[in-house]
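Colleague: First, the structure itself, so that you have it in front of you.
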Amino acid sequence: MARGAFPDSHPLHLGMPGMHGTVAAVTALQKSDLLITLGARFDDRVTGKLSTFAVNAKVIHADVDPAEIGKNRFADVAVLGDLHHTMSALIPALKAALAKNRPDLTSWLRQMNSLKSAYPLGYDTPKDGSLSPQYVIERLGKISGPQAIFASGVGQHQMWASQFISYENPRTWLNSGGLGTMGYAVPAAMGAKVGAPDTTVWAIDGDGCFQMTNQELTTCALNNIPIKVAIINNESLGMVRQWQTLFYEGRYSNTSLESKRVPNFPMLAEAMGCVGLSCDRPEDVDATIEKAMSINNQPVVVDFRVHRDAMVWPMVAAGTSNDDIMIARETAPDWDSQEL
């Protein structure tokens with residue numbers, strides 16, 4: 001949720017934790033002896049099987065809502081209040097304490113950096129020459145730059161947008177977290193563009209999510225809200241399809257959105273007063289994004305027609321421990337090679 005609050009480029013940044021987090025971030029939580037948790041609720045998408053989560057860690061839990069503190073994980077120290085005020089008061093005290101006795105974290109940082117190097121985020125390039133969705137999203141981030149705002153829908157594209165875009169600034173990553181609010185991207189991008197009219201705002205959506213709120217593009221066209229929409233079109237409800245592949249022996253039910261290009265998203269965009277673009281080939285991705293970036297007087301919709309069977313990795317399967325994180329299908333990290 002808070003991607004960008006701590007810059008990705010910082011050497012202590014380990015990545016996103018949770019079900020589709022990095023191996024380094026997930027392992028850091030699991031092996032830690034102290035968790036300072038600011039505004040988080042220990043949702044199962046982060047903890048995995050709760051009884052196995054960070055079993056050796058003490059927890060300092062800070063939140064503005066007393067109902068959240070200790071709700072899922074016992075808080076050894078509770079800090080109640082607005083984080084801006086509580087952290088402003090606690091940071092000087094922490095600095096004073098560290099000035100007297102600073103722990104040696106050399107070994108810990110070496111271990112975490114080793115995991116970052118051994119298990120970076122990555123993806124396969126489709127052998128049939130089709131578009132990799134991760135590549136599209138990666139290029140969106142690179143070309144748009146760290147000042148852009150990205151809003152995402154729900155599903156695989158949501159995870160990829162968190163994994164493969166580098167966030168350097170707070171409030172540049174908008175998504176509905178674990179609520180599963182399909183259709184969130186377009187209206188969230190609209191609000192961001194109205195609030196920051198001089199900032200590039202992308203809605204990164206799946207073809208399923210986009211069909212839930214795309215009618216709001218008419219509002220954008222009529223009210224001069226020139227957002228940009230990247231449809232990661234894999235002709236399916238991709239995250240559910242991934243689960244059906246992994247856990248239901250490929251029995252695909254109600255996840256196919258067919259392959260006849262209905263609706264034709266660029267034509268639909270044009271009908272609502274927007275510019276409609278499409279991209280099918282890897283070699284056209286940069287030029288297509290740059291063309292969309294050059295149009296700032298109308299909303300722009302880009303239909304990126306991507307490989308259908310791409311999956312989100314790493315993954316902690318529902319109901320399992322974070323210790324069981326997988327980096328690919330039936331492939332776990334080589335823990336024996338790591339000094340943990």
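Keep in mind that glycine also has a Cβ here, set from the backbone N, Cα and C atoms.
Sharing the record's features from TrEMBL:
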DOMAIN    1-90  domain 'Thiamine pyrophosphate enzyme central'
DOMAIN    153-304  domain 'Thiamine pyrophosphate enzyme TPP-binding'
Colleague: Mean pLDDT, the domain 'Thiamine pyrophosphate enzyme central' (1-90)?
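Modeller: In the predicted model, the domain 'Thiamine pyrophosphate enzyme central' (1-90) has a mean pLDDT of 95.
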Colleague: Provide the three-state DSSP residue tally for the domain 'Thiamine pyrophosphate enzyme central' (1-90): helix first, then strand, then coil.
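Modeller: Summed by class, the stretch gives 24 helix, 16 strand, 50 coil.
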